[in-house]
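A.B. asks: The structure follows.
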Amino acid sequence: MIEFEKRLVAREALKLIGDVKLLGLGSGSTVAIFVEELAKSDKAGKIKVIPSSKQIEEVARNQGLEVIYPDGERPEITVDGADEIDSNLNLLKGGGGALLREKVLAYNSSTYVIIADHTKLVEKLCSKRALPVEVLPYGVSWTLGNLIKRFNCDARIRIKDLSPFITDNGNVIVDINCPPLEDPASMESEVKGVPGVVEVGIFVGLADLVLIARGSEVKVLRQGF
């Protein structure tokens, strides 16, 4: 059912593209499905895409889409996924480790659209998942210790294949196991205030539209409504 919902919401997002010429692409499994649907549509030969990760760049190239890199013109729309979405449309992101580039795309897009299945809806961010933080490799053990001390939470360097997970930017991901967030904006600011932190996977006020699939229906949520 979840796979069905992902494809359903991806197809719904495709309807929003219109005559857009430059499209930003987030990362993750739902965005990968969106790329597949985009490649099958009549828009495929008329659009250029800016990927947020090597993962989604590979998917886009394999699907025959024209890939470009950020330089000058900004995306009219970026389509992205999320790990959690709260009632104010704040987002938790970074499960795939692409949070920094995703946030750059989100900030520089005219419209930022989130697509997700219904399991991503939560009352408060960090209800189900740890908070991803991208940090510099330089002094990473110090940064980890400072995060643990500052927030009195368990925090660990993300491991992949027995080694620290390295982002596309050459950084490390630290996952903070914190309680559900009462004030995401404050938490974002506090985490970014720790030297060594590059970016944090809290996206406050960036999502313009959130498309949520539940069963055979897609609900559209808008910022401010």
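Each residue's number is its place along the chain shown, starting with 1.
Cβ coordinates come from backbone N, Cα and C, glycine included.
Grabbed the feature section from Swiss-Prot, which reads as follows:
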BINDING   Ser27, Gly28, Ser29, Thr30, Asp80, Gly81, Ala82, Asp83, Lys93, Gly94, Gly95, Gly96, Lys120  substrate binding site
ACT_SITE  Glu102  active site, proton acceptor
A.B. asks: Test of understanding: give the count of other CB atoms lying within 10 angstroms of the CB of Ser27 (substrate binding site).
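C.D. replies: The Cβ of Ser27 (substrate binding site) has 28 Cβ neighbours within 10 Å.
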A.B. asks: With Cβ-Cβ distance below 8 Å and at least 6 positions apart along the chain, what are the contacts of Ser29 (substrate binding site)? List them in sequence order.
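C.D. replies: Set apart from Ser29 (substrate binding site) by at least 6 residues yet with Cβ under 8 Å, we have Lys6, Gly81.
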A.B. asks: How would DSSP class Asp80 (substrate binding site) in three states?
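C.D. replies: Its secondary structure by DSSP: strand.
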A.B. asks: What is the Cβ neighbour count of Gly95 (substrate binding site) at a 10 Å cut-off, with all protein chains included?
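C.D. replies: I get 21 for this one.
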A.B. asks: With a radius of 8 angstroms around the mean position of the C-beta atoms of Ser27, Gly28, Ser29, Thr30, Asp80, Gly81, Ala82, Asp83, Lys93, Gly94, Gly95, Gly96, Lys120, what other residues of the same chain does the substrate site pick up?
C.D. replies: Gly26, Val31, Glu102, Ala116
A.B. asks: Same-chain residues six or more away whose CB lies under 8 A from the CB of Asp80 (substrate binding site)?
C.D. replies: Gly24, Leu25, Gly26, Ser27, Gly28, Val31, Ser52, Lys93, Glu102, Leu105, Ala106, Tyr112, Val113, Ile114, Ile115
A.B. asks: Among Ser27, Gly28, Ser29, Thr30, Asp80, Gly81, Ala82, Asp83, Lys93, Gly94, Gly95, Gly96, Lys120, listed as contacts of substrate, what is the widest Cα spread in Å, to the nearest whole number?
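C.D. replies: Between the outermost Cα atoms of Ser27, Gly28, Ser29, Thr30, Asp80, Gly81, Ala82, Asp83, Lys93, Gly94, Gly95, Gly96, Lys120, the distance is 15 Å.
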A.B. asks: In sequence order, which same-chain residues at least six apart have a C-beta under 8 angstroms from Lys120 (substrate binding site)?
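C.D. replies: Gly81, Ala82, Asp83, Glu84, Ile85, Ile212 - these are the non-local Cβ neighbours of Lys120 (substrate binding site), listed in sequence order.
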